[in-house]
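**Student:** Sharing a structure below in structure tokens format, with a few things to ask.
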Amino acid sequence: MVDGNKSSVTDFILVGLFPEFQHYIVLNFMIIFIYTFAFLGNTLLIVLIWGDSRLHTPMYILLSQLSLIDLTLTSTIVPKMASNFFTGKRTISWIGCGTQSFFFLMLGMSECLILTLMAYDRYVAVCNPLRYPIIMSPRFCMHMVLGCWIGGSVSSFIHTVYPMHFPICGSREIHHFFCEVPVLIKLSCEDTSAYQLVVVVTSIVLLVVPFSLITASYTLIFLAVFRMNSVKGRKKTLATCSSHLTVVSLFFGPNIFIYMTFTSSHSAEQDQALSVFSNILTPMLNPLIYSLRNKEVVAALKKLMGKCVLSY
């Protein structure tokens, strides 16, 4: 039995976020505050995009999908962490752990693909503006979005089911605040080096290849921007691109470190710190990054606020 008589022998124990940290309570309340801000910010961005017909373009449709992923990703992690914190029950069932791991991986992989498509969208808009309406048609855009979700789901299912069947002979304590594949692998009493190699190879396909495509897209974009005669057009393009590049850096940096190195090469504290940054803090920052320097989004927000004032 674990964590009391009401827990099953198959339950896992989530140690939590930096349990030995002196200001553990303050840290958890900060995470809950960040989650609330991220939830409201991404929800507002989705409402603005789908509520304003001027934002019904491929770029903003992809942005709304990114916000949906961020909103769901944080909701997959933080509510369970907050529940464990307030109730004092740190257990999570085998099914609950697998479900959390599946959604986390699915959303992470889908976000990786969405960011790549956003880079492609900007490449077509800057380098082939006359063909943009034909290439990035609404039908093609929706097919791309659907492909991202399906691709993320299939890959996540494989990488959730397989490691969940590794035998666990010793402690079922997960030194993390949620169930994640690299952490679960550490609990197994089997030699998992072969599977870890598979994870690294998969990460190359799902992280390095998209990152390389994004880098290539922006290299071509910057070359095209420097050839522009219009200073105003150049500034507008660079503002849009800089927002996306910031989000790309915040996403790919921590995930490449976590998934492209063997689990034995970094500590539990490093995993937790990078997870907080990538999966909780970044989803809060993304709406701000895309909103503050985007005149269309600001205009949609003012329009929505005007309607609210009039209705009040």
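Cβ coordinates come from backbone N, Cα and C, glycine included.
Caution: TrEMBL annotation is automatic and unverified by curators.
Sharing the features that TrEMBL gives for it:
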- 24-48: transmembrane segment (TRANSMEM)
- 41-290: domain 'G-protein coupled receptors family 1 profile' (DOMAIN)
- 60-82: transmembrane segment (TRANSMEM)
- 102-120: transmembrane segment (TRANSMEM)
- 140-162: transmembrane segment (TRANSMEM)
- 194-226: transmembrane segment (TRANSMEM)
- 238-262: transmembrane segment (TRANSMEM)
**Student:** May I ask which of the stretches 24-48, 60-82, 102-120, 140-162 has the most CB pairs under 8 A with the transmembrane segment (238-262)?
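**Tutor:** Between the stretches 24-48, 60-82, 102-120, 140-162, 102-120 has the largest tally.
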**Student:** Excluding the flanking five residues on each side, which residues at least 6 beyond the ends of the transmembrane segment (24-48) place their CB within less than 8 Å of a CB in that stretch?
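**Tutor:** Residues 16-18, 55, 63-64, 67-68, 70-71, 74-75, 78, 81-82, 85, 276, 280-281, 283-284, 286-288, 290-291, 297, 300-301, 304 contact the transmembrane segment (24-48) from elsewhere in the chain.
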**Student:** Go through 60-82, 102-120, 140-162 and flag the stretch with the largest number of C-beta pairs under 8 Å relative to the transmembrane segment (194-226).
**Tutor:** 102-120
**Student:** I need to check the long-range neighbours of the transmembrane segment (102-120): which residues 6 or more away from its ends have a CB within less than 8 Å of a CB in the stretch?
**Tutor:** 59, 62-63, 65-66, 69-70, 72-73, 76-77, 144-145, 147-149, 151-153, 155-157, 159-160, 178-181, 206-207, 210, 213-214, 217-218, 244, 247-248, 251-252, 255, 279
**Student:** Who are the long-range neighbours of the transmembrane segment (60-82) in its own chain, taking Cβ under 8 Å and residues 6 or more past its ends?
**Tutor:** 14, 16-17, 28, 31-32, 35, 38-39, 42-43, 45-46, 49-50, 92, 96, 100, 103-104, 107-108, 110-111, 114-115, 117-118, 121, 138, 141-142, 144-145, 148, 177-178, 247, 279-280, 282-283, 286-287, 290, 296
